[in-house]
Amino acid sequence: MIRTAAILLVAGLATGPAAAQMGNPAGMGADTRMAEPGKPAPHQTNNTDRLFAQLAAAGGLAEVDLGEMARDRADAQEVRDFAEMMVRDHGDANARLAELAEAAHIPLPQELDPDHQALRDRLEGTEGAAFDLAYIRAQIVEHQKTAQLLAWEVNAGQDGDIQRLAADLLPVVLGHLERAQALNGELSGAGVRILP
Amino acid sequence: MPGRRASTFACVAGLLLAGPAGADPLPPDTTYRPLPTMPLSRVRAIDEAQKPEVMTRQRTLLESRYDLADRPRDGAMMSGGTKPVQDGVRVKLPQGASWESLGALSPAEIRDQDLLPKGFLPLPHVKQATGGQVFPQFAIDEIKAQEQRDLTRFDVDFDLPDHLVSEFPPPIFLTTQPQLGDASRGELLTISNHYELFNGLLTPVQMEGLRILLTPFPQEEFNQTEDRKTVEQHRGVACLDCHSNFHGNAGFHQSPDIRPQANRFRLDTPSLRGMFNQQIHGSKRSLRSIEDFTEFEQHTAYFNGDHVSAARKGEHIPDRSHKVAFMAQMQNIIDFPPAPQLDPFGRLDPALASEQELAGEAIFLGKGRCADCHDPMTAFMDNQMHDLKLERFYKPGEVVNDMVTLPDGPIKTFTLRGIKDSPPYLHDGRLMTLADTVEFFNLVLGTGLTGDEKEDLLAYLLTL
């Protein structure tokens, strides 16, 4: 069931805008090989692509890890559902990123980085409603940062495949952010601007 | 439950206080402009190779969103009398939809069925990743003819057809010399002719302000470093290169106030007419005086929000108490074009207006809710920023021509005086005609205007 949903999600994303990226050549790698004048050959990366892939992979890894944790430990059903969505969507995105990174010979992290390990340690020290709120608030921050990171890659990268992946994922990440903000509003009682 | 919430909050607050000190920030060039990685000659070769596809991609986007035809409105000319006002709604409707059918749907229904006309969405810069100022060819040609200064970029050209932008050169009306009418003599003001044109009309202070406003400074894509988009080391750009004759030429740029680059929205050059009544400046930054604005843009690479790059390219810091005041005084004597049908309160004189125009004014003040922000008594603005919350109608985050489609947030209310002279419309120029603006606000504000009411409103807008 989850697998089916993931495949559907991938199919949906694949139909998204696929127009060629037109980066500023002033930011290209000096050793970029061109497929034709002005157009980098496939999997020609610059530093932005490489750093993006590593940071996005670290974030995605943590999303799945923390999502699995929250799926089991969260108090509220809505938070468990959100965590399930994180495991599913980010698991899928991680797989797509890993494929492109391999093609471009970018090594990706395989375990939690220190920032996310510290977050995990803090979450482990909470339970019940406090856990729910701490998890969701951390998710807001994670998705805020990821949205900016994706937008950065869209403009400053040069590997068209990775840029298109970033563009595909951006609306999904913004959707997650909106959902996390709504959950935070409900859990804390603060409310949030909910779009009708 | 409230007790539980309170204890939960205390617990989480404690957790956050102990928070992620030392966490890595986002990469530096999400905020700062990176230095070029390659020599200019190679950047140029790649840019020139990309240029045809860049322009084709933008043209395809424009044609998918708008009817770009040259279709003037009968009897409606811009204030200088040299160019007709374009007629009709140009934003294309989704297949099977009509303006009436859209008006019957809720914002959420329009969003969920993806029915918002794409022309209502933010309009991307022709090359989002690079951005910077882009001038229409007619402005480039005239400045080059007068000053031998070439604003041609090797990476991009202007993207809208000439008939959809303002007349050029636009007329100039001075608050200090209303009896003269248009004082431009049909010429574009430049550093090469301003003294000849305006000596005898200005004070020495105003003349000196004008001179600085016309003086090019090396910034943006027009400078002497390798971080430029011109073939030669460039003398730079002047304030009035965009604000032609203190009005505009539809030259565009990107909002200085947003990062990363992909999220910056396009900026259509606003007119400087009526500056004397305008209390806030910049679509986002709400600078509180024209002095602040004039001084500040010299510090920050001209609309890049970037004092770091500005310093490298050649920062010009005008003295606040002296030169800035001169520049402000010059800008503050630029009047709106005459609107002979309006009385001193900004209302139509019934003796001078048609029945349709008067009906349009009633819509403007009432059902259409235009005057809620565009108050006739305060030069058809309210000196406030407002958020139309257009994102009620679409899902944010789609990347279009490398720009992320995001909520606009609060944007300054622009004046509607002389509005027929200022196409395209909205802060990013996403609407080509006044008829487009009527459909846009009718949908976004849910005002439910009928076809006749929209026509009346259009007739009224042309009197302003």
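Every residue gets a Cβ built from N, Cα and C, even glycine.
Since we're looking at a predicted model, the values are computed, not measured.
Taken from TrEMBL, the feature domain 'DUF4142' covers A:48-183. Here TrEMBL flags A:19-46 as region 'Disordered'. What TrEMBL lists as signal peptide is A:1-20.
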Checklist entry - Sequence-remote contacts (6 or more beyond its ends) of the region 'Disordered' (A:19-46), Cβ cut-off under 8 Å? => result 53, 100, 103-106, 154-164
Checklist entry - In the region 'Disordered' (A:19-46), how many residues does DSSP put in helix, strand and coil? => result 3 helix, 5 strand, 20 coil
Checklist entry - When the domain 'DUF4142' (A:48-183) is classified with DSSP, how many of its residues are helical, how many are strand and how many are coil? => result 117 helix, 0 strand, 19 coil
